[in-house]
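The block underneath contains the structure these notes are about, expressed in structure tokens.
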Amino acid sequence: MNPKLPYVLLLGAAVIIFILSCMLLSRGRQSPSCESQPSTVEKTGSMSKSLVFADLTPEEMVQVVRYLQENLGVQLVDASGAKPSDNCIASVDLQVPAKAEVLRFLDGGGARPPREALAVLYFGNQPDPNVTEYVVGPLPTPGYHRDVTVQKYGGKVPYHRRPMLGTEYEQVGVFLETVVFSAAPTFLQEVLEYDSNNVAFRTTAPHGFQSGDRITWFALFQNVSGFFVHPVGLEVLVDHSSLDISQWAVSRVFYNGQYYRDMVELESAYVQGHISVEKVRKAPRDGDFSSMKPRAPPAALFPLQYEPQGPRYSVRSNLVLFQAWSFAFGMSVSTGLRLFDIRHKGERVAYEISVQEALSVYGSNCPGGMSTRYMDGSFGLGRYTSPLVRGVDCPYSATYVDTHSLSETLRPSKRKASLCIFEQNLGSPLRRHYSNLQSLYYGGLVNSALVVRSIATVGNYDYVWDFIFYQNGAIEGKVQATGYPSSSFLHGDGLRYGNRIWEHTLGLIHTHFINYKVDLDVGGVKNSLVAHDMAFEMTRAPWSPEQQTERPRLTKKVLDTEDQAAFRLQSKMPRYIYFAANSKNKWGHQRGYRIQITSFAGDHMPEASSMERAISWARYQLAVTRRKEEEPTSTSIYNQNDPWTPTVAFADFINNETITNEDLVAWITTGFLHIPHSEDIPNTVTVGNSVSFLLRPYNYYDLDPSIYSHDGVFFTNEQDFMACEINHLACLPKTASCLPNFPPFTYDGFQNM
């Protein structure tokens, strides 16, 4: 044996032990926590001025309620327990000041507009029941109120137009359980195994066929998780038009394709064996196929995003600052998320961007489904804004904001974490170029954008509302639909109206239409609407006159009137349509912001329909009108329950007025057709169920403003692209190797239901 061999082996072992020790020590050493860096966005924007758009505080809501109780001279009961014959406060929201007043305050050094609330009251306990709207102010200590109903709507709002309160639904439920169902005990027990707790009701709307009706089909489902896809085949038409609940009555009953006068007739037909019974298998409480409980255990964690140097945006009260952007946000009880005073590089580009309405029109061979045209603003897109789940509804590290509302109660309610704000790396370049001709270089910019999001759960549907701010000055309004599909009991020719998605479940064909208000102020309040497009022209080649060639050329047209600027849903619209300023960029072009719509909408309801005027905004993919204070919204919460005599008819906004060099508003409609299919079980996914619009600079700047972003990357073949001062991406192992400070998971979505 070589005498040196033991020493060599000992030396090798020592080296191995040293290497393993270093590896273990390095693995055991934690990376430092991520530390926030001072942000330059704090230097721009004025929080004190943005408060002119701020939602009412809980304290202000309390003061408004107290003032109304003490100064109207009538008894006001809590709406959460009100009868139709009572007086109550339906909602209290911010009364947004007139635009001229606000601009004088924001831009002209004028006085701050008085802070006021808009209160909607139901007066059922008086000789002429009606709905009245009051403006109450000044806040925080009210001293006056004025009735603005006639000013806004041209007359009183009839009482039958009022949106249904939650308590009215409860009263209908009690009526069905105690009065209606007692007339058919044998049928209910033997067919539905009814025990007063195992059925759920789903309302339909509008309520009838003509003004004054309040007659509603209520469809019955198994009371399990995801009940929307568990129909049992029974539907009841309830006349609840009387303010005296004891006078409510059943107008018709439907079961498995057959109509009956009432439950007594249904019971008689069943006992005599004259009914074709289709008994539905009883589902477990978790809904079985409709349960959203995962069918697989957790495995490797999904990717997370974090901010290694802290958020690059700030949220101060209702003001958001992000790079060159600033805007104020709020939450309307009826229409949900809205933005005001949107500025880029300090210059206002839009005064208001807001959701107006979400409409769904259903088809079915069952009465409930075929009579459903939901106008979700009537139910309350803001009222039903839901608490967000950290890490799923929004990125885990997003900023979560609480919102407050007062609706159907005398006390304000708080919705924890019901709005989120975050910067999102979209995982793709905003722009880039790799040059392998002439000079060799790479230049690019990561597409990182700011997102403001809320999610409204209105019945079976969940709407994910986003406003997205890009570094090139573009704004996107986007909605994604998820939740459960609506369904009917499958019978007869049901497959004409959708797909079978479970044993007795017909997923109903329906449309989604979403309407937005976009009040652009491009280079000032006064704008014109201009259309650019293309056309091919035939020309002779100058260098070879005997040859002809086709070439596209630019077409230009100023749209002078509202009629010219109203583009029907399926009509051809100019591909470049923009609000033009009265100023020009460096290259002599009118500065503008272009409107670009992404939509897959189904067909609009025929205009011959008696209720079409109530949703006439959906006739148009885009309509541009003069801005008027008396036309603040494209619809009304009262249109749902009386679409035959609409309180607001958008079609009346378009009356061929000139729109050249005026304060203009764009009313944008996006949408999609949904034919539910088996993959909508257990519920609908957002993929493919998303529509949007973009507002994009069009000659507004002299060049792309994102070139000034700090996120840009550029290096040539002659540079050391591994050096941090040349390429900041080379420093990521150092600048981004930190542990994110994820807060503990909390959720308050089941509190105070």
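Keep in mind that glycine also has a Cβ here, set from the backbone N, Cα and C atoms.
Automatic prediction, not curation, is the source of TrEMBL annotations.
Now, the feature entries from TrEMBL:
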TRANSMEM  7-26  transmembrane segment
DOMAIN    70-144  domain 'Copper amine oxidase N2-terminal'
DOMAIN    162-257  domain 'Copper amine oxidase N3-terminal'
DOMAIN    305-707  domain 'Copper amine oxidase catalytic'
ACT_SITE  Asp376  active site, proton acceptor
MOD_RES   Tyr461  2',4',5'-topaquinone
ACT_SITE  Tyr461  active site, schiff-base intermediate with substrate
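Asp376 (active site, proton acceptor) and Tyr461 (2',4',5'-topaquinone) have their C-alpha atoms 10 Å apart, to the nearest angstrom.
Across the domain 'Copper amine oxidase N3-terminal' (162-257), DSSP helix (H, G, I), strand (E, B) and coil residues number 32 helix, 29 strand, 35 coil. Counted with DSSP, the domain 'Copper amine oxidase N2-terminal' (70-144) comes out as 14 helix, 27 strand, 34 coil. The average pLDDT the prediction assigns to the domain 'Copper amine oxidase N2-terminal' (70-144) is 97.
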